[in-house]
Amino acid sequence: MTCALHPGIRVSEIFGPTIQGEGVLIGLPTVFVRTGGCDYRCSWCDSLHAVDRRFRHDWEMMSPDAVWHKVIALSGGQPVMVSLSGGNPAIQPLGQLIDRGHGEGYRFALETQGSVSKQWFADLDVLVLSPKPPSSEMTTDWAAFDACLEAAQDKPQMALKLVVFDDDDYAYAKDAAARYPQLPVYLQPGNHTPPRPGDEDAFIDMAGVMRRMEWLVEKVTRDRWFEARVLPQLHVLLWGNKRGV
Ligand code: SF4
């Protein structure tokens, strides 16, 4: 049940356990709670089914308890990393869910573009901040981004994750890394053939993704940017654009 005291969480899908496919937790078994709704609309978003309001009828308003019971069922009651993704999960009331899970030994990671901060960021175990580069056609509000870091109070493990499609994105990534030297940096080549919403297993130009990965590795090594880690999207290598894996 949701009410004023216990607001509901807008959920697009809950699935797993599978592996985390990106960034600092890559390869780690994870249950995903993907929330519905986003304050951005990136040109290459690969999760439009959780962003585009045309798909809001597929989203479900769930109480923190109901979300938690689904996570417990998927994980067989055995503590696992829970990834809060979206959409932008930061626009949902997730503090109570995190408290509940922590009480039972689960850990929580959240990834957000850094446009909305919440006090409960400090309760997370891992906070991945992924500001969106120029190719997304979004504009970064660095004051809002700084507010996310302040809310986290250095309590969770934190990282910067940057998607890079082209030279402008690469320059943006370098600027962002210079702005936050305290954060480890993960670079990821973009998927230029993201799935259309509703297409459960859409075509992907894997050769193109791999070419961009090689290009990015060459750029980083030629630049002697030795602090950056370059990673593919592991789930894309394994399953292409398939959903729910
Ligand atoms: S911030 Fe993420 S979920 Fe939102 S539109 Fe951009 S890529 Fe999609």
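Glycine is treated like the rest: Cβ placed from N, Cα and C.
All TrEMBL annotations are machine predictions without curation.
Around R34 (substrate binding site), taking its Cβ as the centre, 21 other Cβ atoms fall within 10 Å, counting all chains. Sequence annotations record features per position, and here TrEMBL assigns substrate binding site to I19, Q20, G21, R34, S85.
Under the heading domain 'Radical SAM core', TrEMBL lists 25-241. Predicted-model confidence for the domain 'Radical SAM core' (25-241) is 94, expressed as mean pLDDT.
C45 ([4Fe-4S] cluster binding site) falls outside any helix or strand according to DSSP and counts as coil. Per TrEMBL, [4Fe-4S] cluster binding site is recorded for C38, C42, C45.
As annotated by TrEMBL, S-adenosyl-L-methionine binding site applies to W44, C45, D46, G87, S130, P131, K132.
The annotation Mg(2+) binding site is assigned in TrEMBL to S47. The number of other Cβ atoms within 10 Å of the Cβ belonging to S47 (Mg(2+) binding site), over all protein chains shown, comes to 20.
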Does DSSP put I19 (substrate binding site) in a helix, in a strand, or in coil? strand
Could you round the CA separation between C45 ([4Fe-4S] cluster binding site) and K132 (S-adenosyl-L-methionine binding site) to a whole angstrom and send it over? 10
Report the largest Cα to Cα distance, in Å and rounded to a whole number, among the residues W44, C45, D46, G87, S130, P131, K132 that the record lists as binding S-adenosyl-L-methionine. 15
Could you list, ordered by sequence, which of these binding-site residues: Q20, C38, C42, C45, S47, S130, have a Cβ under 6 Å from ligand 1? C38, C42, C45, S47
